[in-house]
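Novice: These came from Swiss-Prot, pasted as-is:
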type: SIGNAL; residues: 1-20; note: signal peptide
type: DISULFID; residues: Cys49-Cys278; note: disulfide bond
type: CARBOHYD; residues: Asn99; note: N-linked glycosylation site
type: DISULFID; residues: Cys111-Cys114; note: disulfide bond
type: ACT_SITE; residues: Ser153; note: active site, nucleophile
type: ACT_SITE; residues: Asp214; note: active site, charge relay system
type: DISULFID; residues: Cys247-Cys254; note: disulfide bond
type: ACT_SITE; residues: His267; note: active site, charge relay system
Amino acid sequence: MKAFATRALAFSVAAGQALAAVTQGVSDNTYNRLVEMATISQAAYANLCNIPATIQTVEKIYNAQTDINGWVLRDDSRQEIITVFRGTGSDTNLQLDTNYTLAPFDTLPQCVGCAVHGGYYLGWLSVQDQVQSLVQQQASQYRGYAVTVTGHSLGASMAAITAAQLSATYDNVNLYTFGEPRTGNQAYASYMNEAFDSASPETTRYFRVTHADDGIPNVPPAEQGYVHSGVEYWSVEPHSPQNTYICTGDEIQCCEAQGGQGVNAAHVTYFGMTSGACSW
């Protein structure tokens, strides 16, 4: 709603945050790209229903112990290798969601001092070999293809950790997350912002998409050492390029400023698409 935008801007003034940190409107190309990635991420809840026709499935990613689900896909029309993770879909996933212990990011030693969400790191460890092997196979066969990672909710944090890992091997990895919880500490956030050129919207390859008052980006609490990264793209109704806001600087100014708590209506629906509904 427009009211959300007004409240966010008012909050920025109260917090002393420069208004220039919130910019209204994105290009049609950017908006269409966000919607496309949201479609894939929401479809992951229902075995990739109704994904764009140009995208073909390479292989499924799965670990029974953590119930992490995902797929490696390929879009030859865009020359792109895509990895997508499903969000929370079971009690096993919920156990990962609520493990807020910060775990050292030991699989990425380049990320000095980095720690990430303990539950999602366990998820990453459970599928790391599958993901890296599948992406390597595709990248070797389709040289020059871009590498993109996406996901919603739990899948968003899985995507972020995966993209961080892949960025150590591949140039210009792209990351699109939807309703992403806070995923790591300040060292991790700084690493991600540098690795994904997130100093400005013009250069970023890390699009952290939020919606209205989605409550999940407010967890885990910042007081526990968690910090968001990437450039936030905040979508409000009615969805359009003009109603998409670019939020940089202080993370508590757009979605997070709305006071949403937990899994609410705004969390399960992005750009009018409800997780797994396949009605788009």
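The backbone N, Cα and C atoms fix where each Cβ goes, and this holds for glycine too.
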Novice: Counting distance between Cα atoms, which of the active-site residues Ser153, Asp214, His267 is nearest Asn99 (N-linked glycosylation site)?
Specialist: Ser153
Novice: Can you name the residues of this chain that are 6 or more positions from Cys111 (disulfide bond) yet have a C-beta less than 8 Å from its C-beta?
Specialist: Phe105, Ala164, Ala187, Tyr188, Tyr191
Novice: Return only the integer: C-alpha distance in Å from Ser153 (active site, nucleophile) to His267 (active site, charge relay system).
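Specialist: His267 (active site, charge relay system) has its Cα 8 Å from the Cα of Ser153 (active site, nucleophile).
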Novice: Which one is closest to Cys114 (disulfide bond) in space, judged by CA to CA distance, out of the recorded positions Cys49, Cys247, His267, Cys278?
Specialist: Cys247
Novice: Give me the Cα-Cα distance between Cys247 (disulfide bond) and Asp214 (active site, charge relay system), rounded to a whole Å.
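Specialist: Asp214 (active site, charge relay system) has its Cα 15 Å from the Cα of Cys247 (disulfide bond).
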Novice: Within 10 Å of its Cβ, which one of these disulfide-bonded residues (Cys114, Cys247) has the largest number of other Cβ atoms?
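Specialist: Of Cys114, Cys247, the one with the most crowded Cβ is Cys247.
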Novice: Within 10 Å of its Cβ, which one of these disulfide-bonded residues (Cys49, Cys254, Cys278) has the largest number of other Cβ atoms?
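Specialist: Buried the deepest by this measure is Cys254.
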Novice: Near His267 (active site, charge relay system), which residues of its chain come within a Cβ-Cβ distance under 8 Å, counting only those 6 or more away in sequence?
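Specialist: Once residues fewer than 6 apart are set aside, His267 (active site, charge relay system) is near Ser153, Gly179, His211, Asp214, Gly215, Ile216, Gly260.
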Novice: To the nearest whole angstrom, state the Cα distance for the pair Cys278 (disulfide bond) and Cys254 (disulfide bond).
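Specialist: Spelling it out, the Cα of Cys278 (disulfide bond) and the Cα of Cys254 (disulfide bond) are 28 Å apart.
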